[in-house]
Amino acid sequence: MKRILMVRHVQRPAAIAATEVAVRELTQLGIEVIGEDEAENLTDDHGPDLVLAMGGDGTILAAAESARRFNIPLLGINAGHMGFLAEASPESIPTLMHRLALGEYHEEKRSTLDISIKLPGENLITDWALNDAVVKHTDPAHPVHLVLVVDGQDVSTYGADGMILATPTGSTAYSFSAGGPVVWPDTEAVVISPIAAHGLFTRPLVVGPGSTIEVVINEEHWSAPEVWCDGLRRTIAPAGTSVVARVSQNPVRLVRMEHTPFAERLVTKFNLPVRGWRNPEGNAK
């Protein structure tokens, strides 16, 4: 480990303080720390060895851009709220930095989506998502009219607030709030979750990794809908736009310090009440 790219939430005091501690520890270990501006000028052959993100899930999603570009692992420190993607808290930074220097960690590959946004005419925009790609209305008084196509077959037409195409990683984010299922991250699948939809077939769907998913915006609207990738990158999507999603061959490599089962992470992060309502004392019967 020679060089680490630091990505932090610039307005959150906890992230700023955590960054200062991490930089001090890494410098003492002889590891160079660079910022995002410096990384832009580096070639892939001379890039960083790891991305360290200080903040919440939004910061970690932003840092995933660099992790994917350089094909390097990403470690998230939760200096935000939920921090579902994060591996540790700021209090553990000194120990974590020493373990990083010694290579005492493993990687967990998370699938991503390749997104193609075909605008009316010949315009094609390519993007990607670690969590999700979301097609959504911009006028709360008017639903967006969408056609869902899977593997070339029209599946359903919706009047809805939008549509979420989520990875297993993203299944615990916006898709979960829209009623989609939680999918274990080692599952190869894509979750399709309509948002407040009107139609004959509005249930969330789970499709396999080889499927091609297309969402077509098929009517004019008072204001053009938008496509958001990971809540970070926006594309205006007028009528006639189609959004195509496929499972990518380029995963994001998350750093894990412990072999914690996903079920344990799920219960801990969501603070799930594991005691059943019929057995509040939690005793097996």
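Just so you know, glycine gets a Cβ as well, placed from its N, Cα and C.
Residues Asp57, Gly58, Asn131, Asp132, His142, Thr172, Ala173, Tyr174, Ser175, Phe176, Ser177, Ala196 are recorded by TrEMBL as NAD(+) binders, and the candidate that the same record lists for that site, out of Asp45, Asp154, Asp161, Asp186, is Asp161. Other C-beta atoms found within 10 angstroms of the C-beta of Ala196 (NAD(+) binding site) number 14, with every protein chain shown included. Neighbour density around each Cβ, counted as other Cβ atoms within 10 Å, peaks among the binding-site residues Asn131, Thr172 at Asn131. Proximity of Tyr174 (NAD(+) binding site) to non-local residues of its own chain (separation of 6 or more, Cβ distance below 8 Å) is seen for Asn131, Asp132, Val134, Ile164, Ala166, Ser193, Gly231, given in sequence order.
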